Every structure is written in C-alpha cells, then in structure tokens.
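Okay, so here's the structure we're looking at.
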Amino acid sequence: MAASNAKCTRLTGSLVKQLLDSIDSVLFDCDGVIWRGDQAIPGAPDVINLLKKNGKRVFFVTNNSTKTRKMYADKLATLGFNASEEEVFGTAYCSAMYLKSVAKIQGKVYLVGSNAMKQEIENVGIQTTGVGPDPISGVQIDWANVSLDPEVKAVVVGFDQHFSYMKLNRALQYLCNPSCLFVGTNTDTRLPLEGGKAVPGTGCLVKAVETAAQRPAQVVGKPSNFMFDCVAKQFGLDPARALMVGDRLDTDIMLGTNCGLKTLLTLTGVSTVADAEDHLKSGCPNRAGMVPDYYIDTIAELLPALQG
C-alpha cells in the first residue's frame, strides 16, 4: 500500500497540493475548525478566500441548531470570510429541508428548540409551536392529559436552553401517536468550551425524548448522510471530488466516510491524533469510519500551497 493511501497521514508538503488538485469542493465544520468562539482561527479566512479564488466550492456544515443561515453568514463576514448564506448548512436549515422535502409534513411541528430553528422551519412554510419556557403545574394526571395541538404532525428536538420536564412530557404525549414524526438535529453529547470546560449538547435532549417516547429519532445532522445530501443536491457535488474538514471524529470525519468524501482532521478543536489512532488500531469496522485520511495541526497549514 502506497504511503499516500495510508489512513491518518499527516498532511504536509507536496501532499497538500496533491489533495487540493484531487478535489473541487470543500466542506468545513465551523467551531474548532475555522473559528473558536468569536475568534477566527489565525489564517482561516485566507484559506477559505483563496480556495474560492482557486476555483474550489466551499461550504460550511455545522451541527449547531441555534443559528439561522443568515446569522452564520453574518458571523462569517464579520470574521473576514468571503461567504454567502447559500453556502451555510446548519441543522436548523437542514431540519426544515427534511420536514419539507423528505417528510412532506402537512401540519405543525412541536419544536423543542431555538428561535433560529423556528425561523428556518417557518421559512419553508411549516408552523411551529413550543419555543420558549413551558412551566409545570398540577399533578401527574394533569401532565398526562396536557393540552395538545391536534395539527402537530412532528416533534423536532434541537438545542433548547429551556428544556424541561414539561417539554419532555409534551413531546412524549405527541409521540404516543405512531404517525407523529420524530426528528433530532444532532447527537453531539457535549459542547466543548474554552479552558477544557463543557456543557451538555443537543444529544442529551434527543436521548431524553427517545427514552421517554421509546422511539428513535430520525437524525438530520452529522454524521447522517442527509447533511451531505442537502449540499450535494443543491450544488451537484461529486463526493469523490469533495473533502470534509472537521475537528470531531464521530461527526465530521464519520460524515465524510459515510458519504465517500476525502477527510481531513484539524487539531484546533475536539479530537486528537491519538483518538484517531485508537480507532485505527481497534480493528472495529464502525470505528474505522472515524479515522481521517489526513490530519493537520491547523487549516492555516494549507496556505503555502494555496498561495502557490
């Protein structure tokens, strides 16, 4: 096996140019890859702007459901990235696309989620209910008979800072109807913050509703193929000539593997080379999907080849 075909190869020197020549489009995860919090990763705007200048198509693919495409485009512009709303694929927008184009929902959605999700879902003409706090009152029999909107045909769970027992209960009552669709934005269990801190991620909320409803959610975010399909359908991408760049093995790299993309792990976020090597050595087929083709300390290392 030639060295260039080995998995988990450090991307350096002439390999960078080889890789760039073999692709037409690049999908970037956002947090931990092109920015951290509110700061662009040094050199990242130049990388994206030069990729475009060199004729590559660039997309931003994120599991964060708390922002609309426009909010992302605005943040990208503020940080110096040349990017448009159409290039942003977040789970708020992808959930809306799923409800409209795949599930073809005729009715309302009970949304455990953010205002951004509400906007994206309502943008495609589907009404939502449930955003905001849902205080609890009464006793258990009252909870079991809580008022439900008869027009609700789906329960959608994204990130919701107002998640509560009552919301969990209301979701359960809707999902007792087997024809009610159940969609989750993503299954990330934790959101890493600066200084090694973390807070619970959307996956915790999805898992709680799955446990109560005794049903699995249809997940639209990474590593589900639907996330890539959203981009590929709109822009006619060839997966064999596309690269997924991410900082998480279980979402970004797995998505790339699932969809037949080349994969690049950048070490400015969550996962480490040691994590990738553990997966590689495990001999487990599922874990093999989390091994990237290449890794790089930061995407700024692509600059010399792009400045060419």
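Cβ from N, Cα, C; glycine included.
Where the annotation comes from TrEMBL, it is an automatic prediction and has not been curated.
Summarising the annotation, TrEMBL assigns active site, nucleophile to D29. Counting Cβ atoms from all protein chains shown, D29 (active site, nucleophile) has 25 others lying within 10 Å of its own Cβ.
Here D31 (active site, proton donor) comes close to G37, T62, N64, D247, G269: these same-chain residues lie at least six apart in sequence, with C-beta atoms under 8 angstroms from its C-beta. Per TrEMBL, active site, proton donor is recorded for D31.
Per TrEMBL, the feature Mg(2+) binding site maps to D29, D31, D247.
There are 32 other Cβ atoms within 10 Å of the Cβ belonging to K222 (substrate binding site). Here TrEMBL flags K222 as substrate binding site.
Shown in sequence order, C30, G32, V33, I34, T62, G246, R248, D252, T266, G269, V270 are the same-chain residues outside D29, D31, D247 whose Cβ sits within 8 Å of the Cβ centre of the Mg(2+) site. The two recorded residues, D29 (active site, nucleophile) and K222 (substrate binding site), show a Cα separation of 10 Å.
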